[in-house]
Amino acid sequence: MVAESRFSPHPRTHPRNSSNLRTNRSFCRPGTHRGNSSPKECRFTDIISIGIGGSALGPQFVTQALSPDLPPLQIHFIDNSDPTGIDRVLAQLGDKLATTLVLVISKSGGTPEPRNGMIEVKQAYTAQKLDFAKYAVAITGQDSNLDKVAKAENWLARFSMYDWVGGRTSEMSAVGLVPAALQGIDIRAMLDGAKEMDDATRVPNLKNNPAALLALAWYFSGNGKGEKDMVVLPYKDSLLLFSRYLQQLIMESLGKEKDLDGKTVFQGIAVYGNKGSTDQHAYVQQLREGVPNFFATLIEVLEDRQGTSVEVDPGVTSGDYLCGFLLGTRQALYENNRDSITVSIPQVNARTVGALIALYERAVGLYASLINVNAYHQPGVEAGKKAAAVILDLQKRVLEVLQTQKKALSISELADMSGAAEEVEAIYKILRHLHTNNRGVVLTGDFAKPGSLTVSLG
Ligand SMILES: O=P(O)(O)OC[C@H]1O[C@](O)(CO)[C@@H](O)[C@@H]1O
């Protein structure tokens, strides 16, 4: 899918993308089923996919939406720097690591979370006397740090990402297509659906352009200032992660302080939601009667299921109920002057999911043009990353000071000696974290009164 014509090359260059996939996929033939595969055909049973943000949300959404009930390879995600989360994935796999492929996905190849995940997973392979390089695949920008590591260590495969593909618009690149193909998902159909939508959303007549209609509806509803939140309610379990995927696509793209002229605009649209009808029993009460600060997007899937349905009442199926809940909620919102948009798809399949992704990618680009912001950078996230690096540096400095001390110090003494008198609270939190995790820092005193605490190395 081409996200935004200003940033993407001509479609003629796309075959390079698929040849990238074709030449690299020999490490494991997708679609080979576990039950009848010989070790030669595919020695893997599972995948660990390590990535965050745009390098995780698309693959997670597509897995939930499209992965077959018995996929050829079962995928597990590590999308955080949470040690417990990493442990859980590794514990679930146990001695199956020997047949587990690892995808390390990071456009920049320098994001700390996937780097940490990769190091921890590598360590787990080493502990089982497995050569990590024989299991590891990198999906990253050319010559990124990750690319260099993968090249130097001779990993199983490397897929390169084009610079013009943004992280949050990368689902139709190797980032999304490799994990999807390995799970037996029809990636050609995904690309076909995205292509169809790409064509449909290049139409200059706005009334016939679904992405333009969507962008204009967002603009109308929130006054072009994001005054209303976007509540996304797909009435289908398999689309549960769509709102989470859209959260990044929309909020990271549109949530900007400055417009393209450098004017302070504080733009954005807040996105949340899970699924209908489940959310009707959670927060739809507020949507109907509470603060009118949202518009709803209802995703309607026409096909209930493959095969026939039992009747839960005479002449009525569960699917009829779901359809009734969607239409009923829409009506109830309308009656109370709450806006809603309904997007209908015939069924959840690779083609419609590809089309949905392409639709929203294009709508975001068009809406960004309407409000005059750059949808394709994320300066705010960079600020958060820098601030986290400052905290880790402070931790280092504090530990260095403690190493020189024979007697326990108060936290404010330690802050002074570390040249960070203003950072007493941050230092308290760092120390408490190290203390809790038995990292050689001993805090003594009343934790409810940080001023009473003394600290030393244990
Ligand atoms: O793929 P990368 O470079 O690891 O980045 C992961 C995510 O981090 C961000 O750069 C900032 O959150 C996202 O835009 C991106 O999707």
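Each Cβ is built from the backbone N, Cα and C atoms, and glycine gets one as well.
Lifted from TrEMBL, the feature list:
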ACT_SITE  GLU252  active site, proton donor
ACT_SITE  HIS281  active site
ACT_SITE  LYS385  active site
COMPBIAS  16-26  compositional bias 'Polar residues'
REGION    1-40  region 'Disordered'
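Taking each of the active-site residues HIS281, LYS385 in turn and counting other Cβ atoms within 10 Å of its Cβ gives the largest count for LYS385. Counting only the Cα atoms, the space from HIS281 (active site) to LYS385 (active site) is about 37 angstrom. If you measure from the Cα atom of LYS385 (active site) to that of GLU252 (active site, proton donor), you get 14 Å.
The Cβ neighbour count for GLU252 (active site, proton donor), using a 10 Å radius and every protein chain shown, is 22.
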